[in-house]
Amino acid sequence: MIKDVIKKIDEVAANDPNRIVYDYLGKTNTYDDLKKRSDVWAHKIESLDIPAKSPIMVWGGQTFEMIASFLGCVKSGHAYIPIASYSNAERLTMIQEVSESKIVLAIDKLPDVDLSGIQVVKPDDVKDGSYQIDQNKFVEGDDNFYIIFTSGTSGKPKGVQISHANLLSFVNWELSDFNLPQHPSFLVQAPYSFDLSVMSLYPALTAAGKLVVLPHDVTQNFVQLFQTMPKLQFNVWVSTPSFAQMCFLDKTFDAKHHPNLTHMLFCGEELPHDEVATLKKKFPDAHIFNTYGPTETTVAVTQVEITDDILKKYDRLPIGRPKKDTKITIDKSKGDKADDGEIIIEGPSVSKGYMNNPEKTQNAFFKQDGDKYQSHRSGDEGFFDGDMLFYRGRIDFQIKFNGYRIELEEINHYLDQNELVRYGVAAPKYNKDHTVKQIVAEIELKDGIKRKYSETVLTKKIRDDLAKNVMPYMIPQRFVYREKLPISQNGKVDIKSVIEEVNK
Amino acid sequence: MDTKKEVLSILKDLTSEDLSDKMDENIFANGLMDSMASVQMLLNLQDKFNIDVPVSEFDRKEWDTPNKIVAKVDSLRNE
């Protein structure tokens, strides 16, 4: 059992300084590099005039400097907020407003944004040197380790606070319950702003393993992706099911070309039955795990190895058994079906709540008298068959699309704000695997607009406007213009019936 | 197998739109398809026509209208 994530990583560096920790398309760094560079970052951060324990924004991609700066933050007693550099300027501003962070580490070039009152620190400002960092300053216990921002219903993102204690519970579980190889090397495909990346990051660093990076922009381009992928060698595949499906396109995605691959861990969205059947043909000896967990409970809290027996037994795959330190119950007062209910998660990896947002925190978290740990209302609908948990959908309007978590109401909020639009509803369109394959915007225009513009022009205008306020993956693929959208009894658009209509 | 009919049926499944009168419309420029949808399209085409799309040389410009997709599929089927 690991007792302290940061000290454990430093311990690996002390015992095995020349071991490779990071491989970014062939550019490698050792544990000693990580120790030194994170200490330099910590020393720099200590010299800045910012309040103790205040969070630090980190803007960048997936380079070695990113993880060195993350560790620099937590070594100097500050939580970090990872923000992917493909985000728009508005995202950075909104996260700054919610978190009240006074500093951003610009690992990549910042977008054109007004940052008055905010300190910007660049890698060039942080000169190499040799510093001793006081271990008493390290983030520990209930102090925040990282804060990941997710979609929020009112257009304001929610910052999920993950403490050192939360992270420790997760890391110890992953290192004990998945039977991983010694010195595991992990694929890192997800950007660090997405907590799927944590499934690779800290288990690798604390187990003296290696991170093999597949950068986001490479995955956005088939040619680059399929030229790069066969060159990468790792033991542990971590991705969303949709990313692995994309890899099916390439003939070299099999055990012959990836002989070291022994484990596949899936998280972030529903794992289709067909996909596992195909994976078992391509990687007959690999252990394939399905996992489940909201960001609010630190990456994942249930897991199950999808064996041939499980594949035979279930058409829709289970999401697994809860980790030992965690209790999951089903609140049957919620949800539409008789045996289902809302999945409630109680355990040491459950977040203390959303940053500076007591209202949303109170809605989604609780701790009753006598409870040892915080509980989270997941909003996910599910049921138990014996000790095995199954997921069946959402009780609200949150979806997963290509692994990204999206509050549809956030898109609706910005559609409604558009000067051309009276009502806008973003509706998910599902395929037979219960996976969202498309987001459709159903739009009722304001009077007279339809005569003024063609639909092509309208769509371009609305799309461009949305792009300023939401992440690129939240922009609907299709725009459909309706005379009238259905209105429910409370006078608002009836979102449920719009979604039903789209899926007819 | 009628290539055009099958291609249109795959595209309809992905975009929910009948593109039979938009054979030369750019399906990426108008937002109907994104990179994940094009993955699904290629997987479906491989299944349906038992062809091998050389993805490591994939050039989106050669696949961006229904007509071009039909032509590509026909040339791959004849290989």
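In case you wondered, yes, glycine gets a Cβ from its N, Cα and C as well.
Feature annotation from TrEMBL assigns domain 'AMP-dependent synthetase/ligase' to A:10-354.
Per TrEMBL, ATP binding site is recorded for A:THR150, A:SER151, A:ASN290, A:THR291, A:TYR292, A:GLY293, A:PRO294, A:THR295, A:ASP380, A:TYR391, A:ARG392, A:GLY393, A:ARG394, A:LYS492. Non-local contacts of A:PRO294 (ATP binding site) by the CB criterion (under 8 A, 6+ apart in sequence, same chain) comprise A:ILE345, A:HIS376, A:SER378, A:GLY379, A:ASP380.
The C-beta environment of A:ASP195 (D-alanine binding site), restricted to residues of the same chain at least 6 apart in sequence and closer than 8 Å, consists of A:ILE148, A:VAL160, A:ILE162, A:THR295, A:THR298, A:VAL299. Annotated D-alanine binding site per TrEMBL: A:ASP195, A:VAL299, A:LYS492, in sequence order.
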Rounded inter-Cα distance in Å - A:LYS492 (D-alanine binding site), A:ASN290 (ATP binding site): 38
Cβ-based isolation winner (fewest other Cβ atoms within 10 Å) among the binding-site residues A:ARG394, A:LYS492: A:LYS492
Site extent for D-alanine (largest Cα pair distance over A:ASP195, A:VAL299, A:LYS492, Å): 35
Mapped DSSP class for A:ASP195 (D-alanine binding site), helix or strand or coil: helix
Chain-internal residues near A:ASN290 (ATP binding site), provided their CB is under 8 angstroms and they sit 6+ positions away: A:PHE266, A:LEU271, A:GLN303, A:VAL304, A:ILE306, A:LEU317, A:PRO318, A:ILE319, A:GLY320
Max pairwise CA distance, angstrom, over record-listed ATP binders A:THR150, A:SER151, A:ASN290, A:THR291, A:TYR292, A:GLY293, A:PRO294, A:THR295, A:ASP380, A:TYR391, A:ARG392, A:GLY393, A:ARG394, A:LYS492: 38
Least surrounded among the binding-site residues, given as A:TYR292, A:VAL299, A:ASP380, A:ARG392, when other CB atoms within 10 Å are counted: A:ARG392
